[in-house]
There are 2 protein chains.
Amino acid sequence: MRDDEKYTNSEDQLLHLQNLLDDPDTTALKAYFTELDILDIARTLESFPAKTRDFLWEFIPDELVGAVLAEVDEDIRADYIEELSASEVEQIVKGLDAQDVAEVLEVADEAIKTSVYDSLDQDIRAQVENLYAYEEDVVGRYMDPETVNVKQGVSLEAVQRYIRIHHLLDDESQQVMITDKDKRLLGTLSLIDLIKQPQDAVVDAHMDDPFTLNDQMKVSDAAVLLRSKELPFVPVCDSDGRLVGQLNAADVLEITQDDTDMTLKHLSGVSNEEEVFTPVLRSAKSRGIWLGINLLTAFLAAFVIGQFEAALDQIVALAILMPVVASMGGIAGSQTLTVVIRGLALGQLAGNNVRWLYNKETWVGMSNGLVWALVVGLIAHVWFSDAMITLVITLAIFINMSVANLSGVLIPMVLKKLQIDPALSGAVILTTVTDVVGFLSFLGLATLIIL
Amino acid sequence: MRDDEKYTNSEDQLLHLQNLLDDPDTTALKAYFTELDILDIARTLESFPAKTRDFLWEFIPDELVGAVLAEVDEDIRADYIEELSASEVEQIVKGLDAQDVAEVLEVADEAIKTSVYDSLDQDIRAQVENLYAYEEDVVGRYMDPETVNVKQGVSLEAVQRYIRIHHLLDDESQQVMITDKDKRLLGTLSLIDLIKQPQDAVVDAHMDDPFTLNDQMKVSDAAVLLRSKELPFVPVCDSDGRLVGQLNAADVLEITQDDTDMTLKHLSGVSNEEEVFTPVLRSAKSRGIWLGINLLTAFLAAFVIGQFEAALDQIVALAILMPVVASMGGIAGSQTLTVVIRGLALGQLAGNNVRWLYNKETWVGMSNGLVWALVVGLIAHVWFSDAMITLVITLAIFINMSVANLSGVLIPMVLKKLQIDPALSGAVILTTVTDVVGFLSFLGLATLIIL
């Protein structure tokens with residue numbers, strides 16, 4: 001059993017390493033990293049602030065540094081590569097596969113990139129070149145270009161022998177591709193069938209007609225597809241139907257995971273790159289942008305309030321209750337917004353479904369609006385014993401919550417039409433709407449009815 | 001090539017089905033579902049409101065209904081099973097594996113459950129019983145109890161022959177387990193090595209020493225581990241080291257995905273079960289709870305404002321600017337909260353790292369607080385030309401943003417200590433803090449300095 005098995009969760013592992021760091025013992029630290037695999041090392045590095053991380057790099061076995069680099073967050077990779085000379089980077093990428101080499105070189109300066117590029121094995125260089133030929137967000141950039149290809153009419157036994165002689169499968173292989181002489185994909189044969197089926201059968205008899213992806217498809221769309229179909233891998237073909245590689249679910253599931261993570265961050269005004277251990281300055285700067293945008297929103301709301309100075313001057317209860325109206329609308333709207341953004345991400349919103357959703361949210365908004373308007377009205381009445389104030393706040397809550405739910409659908413749908421990511425700016429726009437509508441309806445009604 | 005390949009994304013597929021539904025054509029609808037696999041059908045059903053969904057069930061091939069039921073969201077499964085008699089459920093679970101049977105029966109009434117249970121094949125019943133013997137949130141409940149086991153000392157060739165004779169591998173198999181006579185796990189042999197290595201070698205020569213999980217481990221912890229180690233499967237052993245099944249990453253990745261999704265929903269005040277197509281009443285009710293909790297928060301804030309009637313009565317600018325203070329603190333706090341909650345979910349926060357984080361957020365809070373306090377102060381000065389108001393709002397923004405960032409760390413850490421999910425109540429508590437501190441510091445300073 002491997003040593004890391006004794007850690008039932010990563011927090012224990014983290015504490016153990018921190019103990020080693022408290023009184024740094026070079027031998028123990030080296031031993032610690034020798035026992036971990038590449039992914040464990042990457043996750044460990046991501047769990048420390050930059051200063052400690054720089055110290056930890058020293059104890060990672062030299063032959064693993066390249067693979068670990070390809071695995072860690074891009075920011076961490078860039079910080080590490082920045083400090084290295086061309087010959088050090090050359091050393092690091094030696095033995096990596098094309099995908100990993102491409103990841104590492106991507107964050108290097110142009111000068112280093114070119115120099116390392118020239119030092120690569122011809123095979124790897126050609127593959128890296130192929131990957132770089134794709135746009136950054138398409139399937140071709142994420143696929144594994146190496147696949148095991150066999151011809152039609154071959155027996156399973158022959159395929160097995162061929163694999164053994166040429167040492168063909170790698171750790172992630174799950175199938176063999178059957179192609180014609182032009183490398184056009186005819187079908188796939190799973191390793192399971194390769195073992196399970198009679199060995200004198202020909203590959204054609206047991207090949208599956210696979211779902212395939214075009215190499216120019218957006219990788220985020222591909223990720224959603226693979227996830228919804230729970231496929232472990234998909235062959236990738238170019239527009240002529242020629243097999244060019246395969247996309248592994250493991251790489252792509254990370255993208256959908258990151259997608260939800262990104263939505264979460266964006267809705268809270270955090271940039272996509274920020275993690276717990278992002279340094280102070282970088283965090284402060286990236287959050288500052290969102291705070292600035294929010295400031296515009298807040299002052300727009302303040303400006304709306306400013307239009308009703310007369311009312312506020314006469315009735316202090318308005319100032320006291322006004323945040324309640326904005327807050328209830330804000331929550332109602334963001335509930336809807338979150339559900340709609342998830343629905344959009346899952347591709348569930350098209351055609352008639354959208355109309356159905358508008359109807360639903362109108363009803364939810366109006367019914368919840370009614371219930372909570374009455375509750376708030378009652379509390380306000382007990383507090384201020386003023387029928388006019390009760391009337392005004394009841395109406396305002398109802399209006400703001402109804403508008404909020406409808407905006408929660410309308411805003412992301414419009415943003416999507418405009419090709420803007422709804423998660424990115426949806427929350428800010430929504431808050432602006434619920435603040436403005438809330439203050440406008442509450443103070444406006446008060447001016448009309450009471451003054 | 002399969003027919004669904006022509007849909008490059010699920011939205012197109014959705015629109016195509018909606019076209020078929022506009023003028024329902026029974027034959028075309030039946031044909032549509034015949035061409036989809038189980039997962040596609042499940043995702044399709046989840047993409048329609050309840051009424052349409054009930055209609056669509058009719059067109060799903062009878063032999064697939066059980067597997068589709070096991071795959072759809074729990075709410076949808078429960079709605080469907082509710083309408084069925086015991087003998088209909090019996091029909092549906094026929095041919096399903098133990099995991100799927102357990103999923104379907106879980107949502108049925110006790111009476112139906114017992115009756116169907118008695119009708120199951122002995123083998124499946126024993127396996128289902130084993131699954132039910134586990135708590136709902138542990139690895140044992142989620143594992144696949146069927147594995148391919150071989151003894152030490154057997155040649156690869158013999159293993160292949162054994163698999164062929166007994167038809168042993170299923171679609172998800174990726175390895176063979178090597179066990180001793182007490183079913184204790186000695187190692188695993190990947191299908192890749194089973195094919196690639198010399199066939200006269202014995203299994204012992206090529207077996208891996210696998211990472212294993214205990215069957216009583218929390219499944220959410222297991223999910224984090226599998227994800228961070230990118231393992232496609234892990235053998236599961238009981239506390240005596242006996243192999244009891246295997247946990248597949250595909251099942252578990254859904255859990256981590258759901259976890260981020262849940263955090264996203266909870267931070268926005270949406271319950272975990274709500275999807276786009278949750279019916280109006282259910283949505284309104286589940287969101288109502290969060291609106292009610294928010295109302296308490298909002299009135300607490302209103303109460304704080306109410307303590308400063310005198311100040312508000314004399315200076316109307318206070319009422320106008322007061323939401324700006326609360327809003328800037330709210331955003332700053334929720335930025336921190338989101339990053340911290342993600343860090344907790346990834347198990348990155350323990351020991352020294354926590355202290356580092358408090359330091360970081362203090363600095364980010366104070367530096368961003370200073371910058372934006374000056375900006376807000378400047379705008380307020382231009383607007384109201386009142387040095388006292390400028391001073392008060394500048395100080396209040398600085399205080400509120402500094403406190404907000406610190407609370408963004410403190411609140412989730414305390415909730416975690418109290419064993420409460422930080423995502424569930426963190427946002428509400430944080431808003432309460434930023435509203436109260438914001439109004440208190442702004443109006444309190446105004447009272448002290450100006451009045």
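Every residue, even glycine, has its Cβ placed from backbone N, Cα and C.
Per TrEMBL, the features are:
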type	residues	note
DOMAIN	B:206-262	domain 'CBS'
TRANSMEM	B:289-308	transmembrane segment
TRANSMEM	B:314-341	transmembrane segment
TRANSMEM	B:362-383	transmembrane segment
TRANSMEM	B:389-415	transmembrane segment
TRANSMEM	B:427-450	transmembrane segment
Next on the checklist: Per DSSP, what is the helix/strand/coil residue tally across the domain 'CBS' (B:206-262)?
Outcome noted: 26 helix, 16 strand, 15 coil
Next on the checklist: If I count Cβ-Cβ pairs under 8 A between the transmembrane segment (B:289-308) and each of B:314-341, B:362-383, B:389-415, B:427-450, which range comes out on top?
Outcome noted: B:427-450
Next on the checklist: For the domain 'CBS' (B:206-262), report the average pLDDT of the model, please.
Outcome noted: 84
Checklist entry - the transmembrane segment (B:362-383): which same-chain residues, six or more beyond its ends, come within Cβ distance under 8 Å? => result 317, 321, 324, 328, 332, 336, 389-391, 393-395, 397-406
